[in-house]
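Positions annotated as substrate binding site by Swiss-Prot, on the basis of sequence analysis: ASP60, ARG68, ARG132, LYS162, HIS163. Residues or ranges marked as site 'Important for catalytic activity' in Swiss-Prot: ASP173. Marked as active site, proton donor/acceptor by Swiss-Prot: HIS175. Per Swiss-Prot, the feature active site, nucleophile maps to ASP247.
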Amino acid sequence: MLLIDIKDKELSQEEVEILEHPLVSGLILFSRNFHDKVQLEALVKSIRQRVKKPLLITVDQEGGRVQRFREGFTKLPAMQAFHTLAKNPQESTALARQTGWLMAAEMFALDIDLSFAPVLDLGHQCKAIGDRSFGENPDAMLPIAEAFIDGMREMGMATTGKHFPGHGHVLADSHLETPFDDRPKEAIFNRDILPFKQLISKGKLSAVMPAHVIYTQCDSQPASGSEYWLKQVLRNQLNFNGVIFSDDLGMKGAGFMGNFVERSEKAIHAGCDLLLLCNEPEGVIQVLDGLKYQPTKTQTERHISLMKRKTVRWNELEASPRYQQAQQRLTALQNEWLEYKAQHC
């Protein structure tokens, strides 16, 4: 039910006990949990061995500025780089697929189950999204996003489309406040929701993460706590039957829904299967003590479906010609992107 974080680069006994709580299903790792590849491998191994139940271990390893593990890992390009710098659509989709495959391979080699990717938000108006987006035009960005997903799926990693139904057209950052999107319903359904709709119809999304955004012309609650968005639209209209993650309930944008227990209750009632609660250790304890909920059999099955099913050895990965070629090209692309941004932004 809950995905939480840990404080540092080693696992404390107190954290072991919290992770063994029946309501905790997994954890998300951050840059503060990472020093180098050797340390990270030891940390993940410690989690797997000391916590006496299967845990979903996750990270945000999108690429560009949202890449928690850097030293010793491939410098992944920002998603906007594919469309902007590629010579033609064929090259942009090939690069995106390489990135999805390589990212998933590197995570599996460290025994990490999934990276929360890809971002399917349109546009770069929101600073929290920016170049994390594949583009502003749904028709142009969809093949690139789908190629990235196909790369992840080839490696066997579950995919998470975020931030439903679209976070790209608000100025506010939901890490800091609750954003309001005042556009007409038709604008959202005719543009922002299209990448989610089409990828769901093709069976390409294992999970969806809703936004902490209030779409004022549609509902009074943030999408992450909205029955309208999660049950009526996502489940019933789009026929999505995968996992629904809440975005981090510790973010300021979730504060609209009340205290931590109330946020969790509203997210569950709205339709979320797994809840992220990060950077709020006291909030985690409050939820574990105060949340009266037993995950359903369906929710448990959805949770298990996200776990890694392929073993990748780092030395074998590094020796692979495909990996070597992809790493070289993608590192160069991200360097090109940083130069491009320096000149044009």
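The count begins at 1 with the first shown residue.
Backbone N, Cα and C define each Cβ position, glycine as well.
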Shortest C-alpha distance to HIS175 (active site, proton donor/acceptor) - which of the recorded positions ASP60, ARG68, ARG132, HIS163, ASP247: ASP247
Three-class DSSP secondary structure - ARG132 (substrate binding site): helix
Pairwise Cα distance for ASP60 (substrate binding site)/ASP247 (active site, nucleophile) [Å, integer]: 12
LYS162 (substrate binding site): secondary structure state under DSSP, collapsed to three categories: strand
The residue listed as 'active site, nucleophile' and ARG68 (substrate binding site), distance between Cα atoms, whole Å: 17
Separation of alpha carbons, HIS163 (substrate binding site) and ASP247 (active site, nucleophile) (Å): 8
Secondary structure of ARG68 (substrate binding site) (DSSP, helix/strand/coil): coil
For LYS162 (substrate binding site), nearby residues of its own chain (Cβ under 8 Å, 6 or more apart in sequence): PHE116, ALA117, PRO118, VAL119, LEU120, ASP121, VAL208, MET209, PRO210, ALA211, ASP247
Sparsest-packed of the listed recorded positions (ASP60, ASP247) - C-beta count within 10 angstroms: ASP60
Recorded positions listed as HIS163, HIS175, least Cβ neighbours within 10 Å: HIS175
Max pairwise CA distance, angstrom, over record-listed substrate binders ASP60, ARG68, ARG132, LYS162, HIS163: 19
Lowest local Cβ density (other Cβ within 10 Å) among binding-site residues: ARG68, ARG132: ARG68
Per DSSP, three-state class assigned to the residue listed as 'active site, proton donor/acceptor': coil
